[in-house]
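For reference, the structure is listed below as structure tokens.
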There are 2 protein chains.
Amino acid sequence: MSAGHAPLIGFEKHDHKACVTQALVAAEARCAAEGLRLTPVRRKVLELLLQKHRALGAYAILDLLRDAGFGSQPPVAYRALDFLAEHRFVHKIERLNAFVACTHPDETHSPAFMICRLCDAVAETKSSPAKGALGAAARAAGFQIEKTVVEAEGICPSCADKANT
Amino acid sequence: MSAGHAPLIGFEKHDHKACVTQALVAAEARCAAEGLRLTPVRRKVLELLLQKHRALGAYAILDLLRDAGFGSQPPVAYRALDFLAEHRFVHKIERLNAFVACTHPDETHSPAFMICRLCDAVAETKSSPAKGALGAAARAAGFQIEKTVVEAEGICPSCADKANT
DNA sequence: CAAGAGGGGTTATGAAATAACATGCCAAGA
DNA sequence: TCTTGGCATGTTATTTCATAACCCCTCTTG
């Protein structure tokens, strides 16, 4: 984290409340459908990430878990995050060593992120890296792509505006 | 690092000696041309990464620096790596928290990596992520991309062969 | 009800990265 | 020449991120 705040998700303001509930309901539905166990800790972590609407480090999440009465040792957070990430409810931002709730919950997608280097805001979008030069190189080399990490670093619209003032 | 070894660079065997010297000479030339200072530590770190031909963590590099008579505290390695990465002589693999020597030294390129999840071998190729869906999303959002991280995780040809045996 | 898997809790440790401060070198300008 | 400032290096200490290993509980299943 570059400052005393966590990175925002998305660059546009929006009404946020329904979004959280809706995402939780969707997650519960998918877990039920797929036989996954959205246990209290896991649900809480997802809820926290959805509410904060920011990329949070595992230890920030841990603090929030403690406040909520859960265990406060690192493995508690990491295990919940591992589960959520494995099933695509959250994504890890490698660049920040932090986690964000997925904003495209229903789809099997290959996520890509835009990360503002000034304010650490993060926006998620989709990508198809395997269709371009990377995919061609992988085929040529005989490399089987299973997952891709695509993270763009730059300046978000908000910070660009501030700079132009 | 998944095992007691560092990830190999590239999936194909090749004669490696000229490659190291050549890359060092090229780096020196570029530093001279651009007024950059390829100091002994920096040169040594680049040389180590070229020689090992693997992705090495900062602490592995630090051990090698110590053996070579340089300072052995983390900032020594990190500062050299920062310099080398800033000027594209090496790249950081976010997925592995490790560094590799650039294998396309002359070009201003947007690197992409293929990382084997079994043996941690790393191969570098080029990508143009900003030309696809990501670029479109960035333009739509008003996000200015400055740098992209593209890392594909999967199975390298060598490990795929072993699995089929 | 035993057996076993999976989840969550703990302690402890390992690994990655940086903050803050001190020293030495060298080049530009007084 | 002196000295001032920038930059690289070195050190100590600390912070941040992540996992190993172990215990116990609960649920399921035979």
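A Cβ is built for glycine as well, from the same backbone N, Cα and C atoms used for every other residue.
The Zn(2+) binding site annotation in TrEMBL covers A:Cys116, A:Cys119, A:Cys156, A:Cys159.
Proximity to chain B, taken as a Cβ less than 8 Å from one of its Cβ atoms, holds for A:Cys156 among the binding-site residues A:Cys119, A:Cys156, A:Cys159. Most Cβ neighbours within 10 Å, among the binding-site residues A:Cys116, A:Cys119: A:Cys116 holds that distinction in the structure as shown. The Zn(2+) site is defined by A:Cys116, A:Cys119, A:Cys156, A:Cys159, and by the 8 Å test on Cβ atoms against their centroid, the other residues of the chain that qualify are A:Phe11, A:Arg117, A:Leu118, A:Asp120, A:Ala121, A:Ile155, A:Pro157, A:Ser158, A:Ala160. Under the three-state DSSP scheme, A:Cys156 (Zn(2+) binding site) falls in the coil class. DSSP gives A:Cys116 (Zn(2+) binding site) a strand state.
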